[in-house]
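Asks: There's a structure below that I have some questions on.
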Amino acid sequence: GNCIELNNDCDGSKDDCQCCRDNAYCSCYNFFGIKSGCKCSVGNSGTGYSVCLKKLECPNRRAWTSWKKECTKPCIGKRC
């Protein structure tokens, strides 16, 4: 049930559940179809929201959250 902290190396062949935080995903350079330099990263609020929605079902969610199942919607047109 562990997870990888931000900016640490992750496995590009595994899903984003390996990265801690609801909005963190395994970001890789794609070099001729080969993933390399993969690190747990966060994008902007829009990216974070879609990543979070996918990560709601991670079996190891307890590693970074107390099982809360909510994602913060991105601010659209400055209305938050």
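Any Cβ shown, glycine's included, is placed from N, Cα and C.
Source: prediction; values computed, not measured.
Features from Swiss-Prot:
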DISULFID  C3-C20  disulfide bond
DISULFID  C10-C26  disulfide bond
DISULFID  C17-C52  disulfide bond
DISULFID  C19-C40  disulfide bond
DISULFID  C28-C38  disulfide bond
DISULFID  C58-C71  disulfide bond
DISULFID  C75-C80  disulfide bond
Asks: I'd like to know which of the disulfide-bonded residues C3, C52, C58, C71, C75 sit within 10 A of C26 (disulfide bond) at the Cα level.
Replies: none
Asks: Of C3, C28, C38, C71, C75, which disulfide-bonded residues are close to C19 (disulfide bond), meaning a Cα within 10 Å of its Cα?
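Replies: Neighbours among disulfide-bonded residues, in sequence order: C3.
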Asks: Between C10 (disulfide bond) and C58 (disulfide bond), what is the CA-CA distance rounded to a whole number of Å?
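Replies: Answer for this pair: 16 Å between alpha carbons.
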Asks: DSSP secondary structure for C38 (disulfide bond), reduced to helix/strand/coil, please.
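Replies: In the DSSP reduction, C38 (disulfide bond) maps to strand.
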Asks: Within 10 Å of the Cβ of C20 (disulfide bond), how many other Cβ atoms can you find? Include all protein chains, please.
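Replies: By my count, 17.
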Asks: Please name the residue among the disulfide-bonded residues C10, C71, C75 whose C-beta has the most neighbouring C-beta atoms within 10 angstroms.
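Replies: Counting Cβ neighbours within 10 Å, the top one is C10.
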Asks: Compile a sequence-ordered list of residues in the same chain as C28 (disulfide bond), six or more apart from it, whose Cβ lies below 8 A from its Cβ; state 'none' when nothing qualifies.
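Replies: Residues satisfying the criterion: G12, K35, S36, G37, C38.
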Asks: Select one residue from C3, C19, C38, C58: among these disulfide-bonded residues, choose the one with the most other Cβ atoms within 10 Å of its Cβ.
Replies: C19
Asks: Hey, how far is C40 (disulfide bond) from C52 (disulfide bond), Cα to Cα, in Å?
Replies: 14
Asks: Just to be sure I understand: of C3, C17, C75, which disulfide-bonded residues have a C-alpha no more than 10 angstroms from the C-alpha of C58 (disulfide bond)?
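Replies: Final answer, ordered: C17.
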Asks: Can you check which residues sit near C52 (disulfide bond), meaning Cβ under 8 Å from its Cβ, same chain, 6 or more apart in sequence, and list them in order?
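Replies: Looking at Cβ-Cβ distances below 8 Å from C52 (disulfide bond), excluding near sequence neighbours, one finds D22, N23, C71, T72.
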Asks: Among all protein chains shown, how many Cβ atoms are found within 10 Å of the Cβ of C17 (disulfide bond), not counting that one?
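Replies: Around the Cβ of C17 (disulfide bond), 19 other Cβ atoms lie within 10 Å.
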